[in-house]
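Features reported for this protein in TrEMBL:
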{"type": "DOMAIN", "residues": "210-481", "note": "domain 'SAM-dependent methyltransferase TRM5/TYW2-type'"}
{"type": "BINDING", "residues": "299, 337, 338, 365, 366, 398", "note": "S-adenosyl-L-methionine binding site"}
């Protein structure tokens, strides 16, 4: 199987360690790319960018007052990371009062002639204050022909420019005098993390991460955050354009229908939304069906394994994130979900994406789906006489809470003799693990359900970290022939001319490519 060559199989290593290492590598790559210096013709600018290339860009700021004075002395603690924190009096607030966040800070400014402001902004890109909602260039109340350029206090310690900055000013014929300016920061100028960090009790975790599902922000708040839940919801709506509803999960996912109870924290109560994943649109009622935007990469990975003409059985299909893209890839798709709401939205999304005539949908228990439509279609595939006519078959079982327990269905699912490896279905089964070696544990559980060893003929993928010490994995394998087929008793055997297998004899080597 060609797809096995692209697998990172975890054998002797802890998959949890590999997962964290992978995240660190991606962060390192992202941070490195952000520090790349732009092209410029000024030698002094090259020096300046080199000086700042290892720094994180300065924290943003905001609106301003007309309090302006010219002083050279330093402001006390102007390099403190708390410089851009909201008013400390907001600590413990549970009902959002935006006016209470106002705070005035002293920042450095440069007086610059209007005609060279643009050149200075480009040259001092990493020194100019950059905060959402902030006008970096303001009017000079004392000189109509000049502007004031606000600098980042963290990049200009003690209101003193470095040698590289001074060289830039010299080339642009700008006086190197740094002045002080009273800048008023308001609620609009603070980031959501800064607001929540200022409000929640000091030393407690601040949540700013959430799952976005269309216009809905989905949180899993911890107990200590619950007294501030409505404030958190309103802040998220204020700071994230397009989000009009914030919900918090109030119960664990129900293993039967894969949905959970939730509470609307802020905004509208409309939970029917539209999402787009891998260039495909889906509509759903978030209160009644399962949808996780963090699985987008995994959906794409499985679909990429499929080729036109392949057969896909999606046992726990949900609203169709595996089934619909597979149908668009011209695969033969059978999709099933026990949840009547998921089945309804699956049919809706098939029509929405114009693949309703390419997908056969079912509203059955997963076990009944395997014992019924899956068994029937696999038997048809076996009956094809020519090897070239037999399509590759994939079975996706994305119900990580219990899918491994369904694998026993494959024991003697078919009666007859196997005919080569081409018809043996490839299963992609998902599960959760809290084990020190999740990959090993998932394989052992799969083997227990199948009643056969998968050593050397399976691959385990780490999908995502669900919670501390809890991983979601996918184990992929071809169902061993001695598991899938029940050979008939001698009295039941048919004449050789009527046997299903008309090609080359089956060997164990055919099971694994």
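Cβ atoms here come from the backbone N, Cα and C positions, even for glycine.
In TrEMBL, annotation is done automatically, which means it is predicted and not curated.
Structure coloured by features recorded in TrEMBL.
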| residue | record | CB count, 10 Å |
| --- | --- | --- |
| 299 | S-adenosyl-L-methionine binding site | 21 |
| 337 | S-adenosyl-L-methionine binding site | 31 |
| 338 | S-adenosyl-L-methionine binding site | 21 |
| 365 | S-adenosyl-L-methionine binding site | 16 |
| 366 | S-adenosyl-L-methionine binding site | 22 |
| 398 | S-adenosyl-L-methionine binding site | 24 |
Largest separation between Cα atoms (Å) of residues that the record links to S-adenosyl-L-methionine, namely 299, 337, 338, 365, 366, 398: 22
